[in-house]
Every structure is written in C-alpha cells, then in structure tokens.
C-alpha cells in the first residue's frame with residue numbers, strides 16, 4: 001500500500017514538473033531578463049570606475065564611455081603616494097585589526113558570562129548591552145567627541161587614547177560593537193551543550209580555562225560569523241573616524257576616499273580619484289570572491305536570529 | 001566557599017573591561033546628550049547654561065530641520081517598501097522561480113553573489129563612486145549615453161527636484177542584494193514539499209507567492225522592515241559625501257543625521273545638535289516599537 005502511494009506521489013510530481021516546464025518556459029526567460037538587468041545595474045558602475053582609473057585626465061572629462069588610448073597606470077602611483085591612499089589603507093588595517101580583535105575578545109567574554117552564569121544583575125547588564133542596538137549613534141556624537149577628548153587628559157595613557165589617536169578610535173569601535181556582538185554571541189553560547197564544560201570543571205579546570213579551551217572552540221561557527229560582521233562594519237565605518245580623527249595622517253580609508261572628491265580646487269586629480277576608488281574596491285572584491293559564502297552567512301546571520 | 005569566591009572573581013574579571021568600555025564610550029555620551037540638549041553650549045570655552053526646552057522650541061520653527069525630517073520620513077516609507085518588493089521578487093525568481101515552479105533558475109548562485117557585492121562596500125566609497133556616475137555632463141556614466149542619444153543631461157545631484165531620488169536610488173542599489181540573500185535563506189528553510197503540494201493542488205505562480213511564500217516568510221520580512229527603517233532614519237554618509245554642499249542643493253537631500261553633524265561640528269552649536277539628536281532618538285525608538293507592535297502576527301510553525 002505504502003509503495004503504491006509513494007509511487008503515485010513521485011509520478012505525479014514528475015508529471016507536474018513536466019507540465020510546469022512546458023507552461024512556464026517564457027516566464028523563465030523573463031526571469032532571466034530581470035535578473036540580468038539587475039546584474040548590469042550592479043556591475044556596470046563598478047566596471048566603469050575601473051575603466052576610468054586607467055584613463056588620462058582629458059579622457060575622463062571627455063566621453064564617459066570612450067576607451068583609454070594608453071593605460072595610465074601612473075594614476076595608481078599618484079593615488080597611492082600623493083593622495084596617501086597607501087597610508088590610509090594601512091591605518092584602516094591597524095584600526096580594524098585591533099578593533100575587531102578587541103571586540104571579539106571582550107564581546108565573547110561578556111556574552112559567555114551573561115549566557116552561562118547566574119548571578120545578581122545578570123539580566124540588567126545584558127539589557128544594558130542590548131539596549132545599545134536601538135540607539136542612533138548620532139545622538140551620542142557630540143558628547144562622545146568630548147569624552148574622547150577628556151580621555152586625552154588621563155595621566156600616563158592619555159596621549160595614546162585621546163582625539164586623533166588610533167588606539168582611541170579602537171576603544172570606541174570596541175564599545176560600539178558590543179551591543180550586537182554580545183546579543184548574537186550570548187544567543188549562540190546558550191545553544192551549546194552544558195555537559196562538556198561541567199565535566200571539565202569537575203576535573204578541576206578553572207572557569208577561565210574552560211572558556212578559552214573548551215567553550216570558545218565550540219562556539220567557532222558563531223565566532224566566525226560575527227568576526228566577519230565586525231571586520232566589515234569597522235572597515236566601512238565613516239561617521240566615527242570623521243568626528244574623532246581630524247589629523248590627516250591618522251585618517252582611515254573611508255575618510256581619505258571621501259576627502260579626495262570634496263577637496264575642491266583646480267588642481268583636483270580626477271584620474272587619481274578613480275584609481276583611489278579602484279584601490280578601495282578591488283581588495284573587497286577579491287576578499288568577497290574568495291569568502292563570499294562566509295561573508296553572506298556572517299552578515300545575514302544577525303538578521304535571521 | 002573557595003569555589004564561590006573563585007567564581008565571582010572570574011565573573012568580575014570577564015565583565016569588568018567590556019562593561020567599563022561600554023559605560024564610558026556608549027552609555028555616558030547618550031546620557032550626557034539628553035542634558036546637553038537642554039543647554040546653550042556652543043563651544044569648548046563657553047560655559048553651557050541651562051535653557052530648558054528652548055532648543056526644542058527653536059527646532060520646531062527651523063525650516064531646515066523640517067526638511068530633514070521630511071526626507072527621513074520619505075525614506076522611511078520608500079526604502080523598505082521598494083527594497084523589500086524588489087528583493088522578494090528576485091529571491092522568488094532565484095529560489096522558486098524556475099520552470100518547474102520549485103528550485104531556482106539556472107545560475108541562481110551567480111546572481112546571488114553578484115547582487116550581494118554592493119553591500120560589502122563602504123557607504124563612503126559608494127557615495128564617491130556615484131558622484132562620478134551622476135556627473136552632470138557628457139563625462140558622467142549616465143549622462144554620457146543620454147546626451148549621445150540627444151537627450152538633455154539630467155542634474156542627478158544638481159537639480160533639487162531630482163537629487164533626493166538619486167540618493168534613494170543609490171541606497172536601493174546597495175541594499176537590495178543583501179535582502180535577496182536574506183529572503184533566499186528564508187525561502188531555503190521552507191520545506192520543498194510545501195511548494196510541491198501547492199503546485200499539485202493547482203496553485204499558479206502568483207497564488208503560490210501570495211499564499212505560500214509570503215506568509216511563510218513573514219518573520220524575515222518583518223526583520224527586513226525594521227532593519228531598513230532604521231537604515232532610512234540613520235542615513236548619513238551617502239548624503240554627506242555624495243550630494244552637493246552636504247545635503248544640498250538647497251537642503252533638498254538633507255537628513256537629520258547630517259544636520260546633527262553640521263550643527264555640532266561646523267557651527268559648534270552643541271546644545272542644538274544634541275536636541276536634534278534627542279528628536280532623532282525618539283523617532284528611532286518610536287519606529288522600532290511601532291513596527292514590532294503592528295507586525296506582530298501568529299508565527300507559522302512548520
């Protein structure tokens with residue numbers, strides 16, 4: 001009896017599919033057309049920028065779609081050196097490197113404790129962190145500027161964490177990454193089994209050791225997702241550095257790029273602007289192509305929780 | 001006893017640094033902002049004086065503030081609506097839209113990878129990129145072909161009637177791919193049998209979309225709505241970097257965040273800027289609570 005039923009189901013599915021293919025043929029073609037249209041919309045502005053990055057100044061001001069007579073690789077050298085893109089990129093790498101490391105270390109510690117230990121005030125601390133998800137950062141902008149400025153007056157460490165310092169920006173990044181990191185990782189730690197950690201504690205391992213040697217490795221998938229989320233978020237941050245880093249040589253990449261286009265004047269180097277844009281986009285493209293699966297799941301993970 | 005002591009020492013050690021950083025850099029500025037909003041603080045040297053709600057009274061007669069609010073509200077309606085409609089359409093095509101009615105069209109992985117890419121780019125970079133794309137003469141990526149066809153060039157960023165739509169367009173360009181992937185993930189978690197069963201029962205594409213896909217994706221759509229709404233209320237970099245005169249021409253694209261930044265760091269009106277921030281805070285909180293309330297619906301278990 002069961003075999004008959006499943007045969008019927010399988011058969012009717014096959015029939016339905018065959019039927020569907022015949023009926024929806026033109027629809028599939030239209031689907032591809034719509035999808036191709038959006039592909040073109042997505043890709044063309046980026047390719048156009050790449051193209052302009054090897055044009056000469058005159059060609060850039062000429063017909064938008066003309067091809068360059070000779071490839072002006074020199075644009076990249078000028079963008080790297082004179083427009084300081086190399087310096088800005090290095091600054092970004094340093095700030096995001098330390099920022100994300102600090103965020104993951106402190107965020108996972110807080111999330112772990114809040115998710116797995118009962119103590120008075122646990123709920124309050126958790127809500128304090130999570131409430132940050134709902135605040136617009138712009139409300140805090142003015143006071144934050146003065147908080148960081150005042151940090152500069154703290155004895156000993158002051159000069160390293162005040163305005164116009166990378167360490168100061170790193171601390172701010174860590175603090176502002178806490179709400180989402182704690183929210184996400186606490187949820188993740190709650191799903192992990194209790195038994196392994198308990199066994200280790202019984203065997204005499206310290207709480208700290210249990211965290212670093214057992215729980216953190218077990219939380220790896222969640223850690224990877226949220227690390228990617230934080231790297232991209234901090235790499236693309238523009239608002240906070242704009243307020244906190246005003247000295248040119250301290251700037252991060254987003255500030256540098258935004259500045260070349262607004263730094264008006266007749267000596268504006270448009271060719272270098274396109275080269276600088278390309279230098280900002282290409283590494284992302286490469287990293288994205290290699291890690292697109294992890295990046296997509298890392299960035300959407302938060303929304304699906 | 002010894003163990004209990006060790007445990008609380010551990011808890012303290014693990015929480016001290018994150019909580020301290022968070023209190024100093026996040027909570028304290030937010031709390032201070034509410035106080036500063038009620039002062040006439042204008043700079044480092046001047047001592048702030050308490051002025052009560054004066055800043056808020058001034059806000060209400062500030063035409064630029066109202067323009068900013070109008071633009072944020074327009075984005076709040078248009079950005080989620082358009083993004084979700086377009087993204088749902090593509091997600092449906094990619095996952096359920098092949099000839100058989102179940103499973104994606106050929107190459108759906110490729111489309112997903114391409115569509116998502118703008119999302120990983122910094123908004124500031126995208127803003128500069130589109131500033132060039134939108135150039136007002138024949139050297140612009142869009143105006144070049146337009147003029148070649150004999151049309152008049154469009155002032156994408158220089159025409160006050162057009163500039164806002166250019167901003168919206170760029171935000172869509174960057175947002176859609178993310179939500180295509182998000183909805184695809186949502187669709188992938190719906191058992192295939194649902195679609196097959198609906199199809200066997202004679203459901204066409206449209207009724208399949210309306211009666212099967214939409215209800216089962218409702219949770220994800222709700223999340224998308226909240227995210228996009230907050231994005232619309234928070235928009236800053238795209239306006240500040242891409243548009244003429246940071247929110248122009250003639251304030252035709254300005255938004256609340258841009259006015260906060262302008263008042264605080266160009267005019268040094270810290271009190272007034274904070275009052276703006278407080279208003280923005282209530283918009284954001286109001287929106288979040290309202291949308292969570294309105295969209296609450298029975299969750300469909302499967």
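Cβ atoms here come from the backbone N, Cα and C positions, even for glycine.
So that you can see what the record holds, here are the features copied from TrEMBL:
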TRANSMEM  A:24-48  transmembrane segment
TRANSMEM  A:88-114  transmembrane segment
DOMAIN    A:89-291  domain 'ABC transmembrane type-1'
TRANSMEM  A:126-148  transmembrane segment
TRANSMEM  A:168-189  transmembrane segment
TRANSMEM  A:210-232  transmembrane segment
TRANSMEM  A:270-291  transmembrane segment
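Each of A:24-48, A:88-114, A:168-189, A:210-232, A:270-291 was scored by its Cβ pairs under 8 Å to the transmembrane segment (A:126-148), and the highest score goes to A:168-189. For the transmembrane segment (A:168-189), same-chain residues at least 6 beyond its ends with a Cβ under 8 Å from one of its own Cβ atoms are 95-96, 98-99, 102-104, 106-108, 110-112, 114-116, 126, 129-133, 137, 144, 148, 151-152, 160-162, 215, 219, 222-223, 225-226, 229-230, 233-234, 237, 240-241, 244-245, 252, 301-302, 305. Between the transmembrane segment (A:88-114) and the transmembrane segment (A:210-232), the number of CB pairs under 8 angstroms, six or more residues apart, is three or more, so the stretches are in contact. Sequence-distant contacts of the transmembrane segment (A:24-48) (same chain, six or more residues past either end, CB-CB distance under 8 Å): 64-65, 281.
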